[in-house]
């Protein structure tokens, strides 16, 4: 059934499409593109797919093997921990991944599958080709397009408490557009009535149940792995064990690959044998969030709670975001 003919549990009032890459509503005039995360250029992509580029596994991609369409995709969510997951899985010798985000199924689809294949690193038999573009999860056409490429594609979604995700999203935009309105202004349609503006993408992305409904029309739940962004920080090896099992890989990325970086406040990958320094995420990660009025946070938690509960029911997993909040 199509989205329009099927009245989804999350309600038609939330169904206005989100433009690919949209981060802030037109009212603020800000349109965000993180150079590290989302504004991948054609030149970067052709470099990413060329011999000698780092295709993963901590070493340069050899000039043999062949380029294949990806068998697994990290499809979301923005500011959930997708970069950390990609860097960790690239430490596996049987994984080759593009470092830049191809944005094929949302922005570059008209370029065709050959263009997409060409962006990929070369792999040998038995190696898995991967890419990550977190905006796929909220792109209406992405499930159908990925399904038509290969209906057995494995999908990974990193999810995180939607309230902290929204604040992180806003923080990223603020670092580039200091003139944008405050989080509080953007989050409400009507502050006095406490009406949340669900059309603002920073909030909308976190309505995971709504987006997942779209994917379940094309893919069985068994083909989608949900990774906890929180546990990726507190127990990276545990989450990576699940990822490797899901991809059918030997558990090679383990505790010994990670150390906790106190300055950044999250785990980093220990140095691969052939490089001189440990790999930590770039300076655009771990930014300090602006102080948000506690009443706004309370209202956002109330807004997300029914959607979170629906998401737990749909996935059969309890991410304990409500519990986490009541502990504080």
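Every residue, even glycine, has its Cβ placed from backbone N, Cα and C.
Any TrEMBL annotation is an automated prediction that lacks curation.
Since the structure is predicted, the reported quantities are computational estimates derived from the model, not experimental observations.
What TrEMBL records for 79 is active site, for sulfotransferase activity. Here TrEMBL flags 79, 80, 81, 82, 83, 160, 168, 285, 286, 287, 288, 289 as 3'-phosphoadenylyl sulfate binding site. Marked as disulfide bond by TrEMBL: 268-280. According to TrEMBL, the domain 'Sulfotransferase' annotation covers 70-305.
Mapped onto this structure are the features recorded in TrEMBL.
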residue: 79; record: active site, for sulfotransferase activity; Cβ contacts under 8 Å, 6 or more apart: 134, 160, 165, 168, 169, 172
residue: 81; record: 3'-phosphoadenylyl sulfate binding site; Cβ contacts under 8 Å, 6 or more apart: 158, 160, 227, 229, 232, 233
residue: 288; record: 3'-phosphoadenylyl sulfate binding site; Cβ contacts under 8 Å, 6 or more apart: 171
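All protein chains considered, the CB of residue 280 (disulfide bond) has 18 other CB atoms within 10 Å. Between the C-alpha atoms of residue 280 (disulfide bond) and residue 83 (3'-phosphoadenylyl sulfate binding site), the distance comes to 11 Å.
The separation of residue 83 (3'-phosphoadenylyl sulfate binding site) from residue 268 (disulfide bond), Cα to Cα, is 12 Å. Within 10 Å of the C-beta of residue 168 (3'-phosphoadenylyl sulfate binding site) we count 22 further C-beta atoms, all protein chains included.
For residue 83 (3'-phosphoadenylyl sulfate binding site), the number of other Cβ atoms no farther than 10 Å from its own Cβ, over all displayed protein chains, is 21.
Over the domain 'Sulfotransferase' (70-305) the predicted model carries a mean pLDDT of 93.
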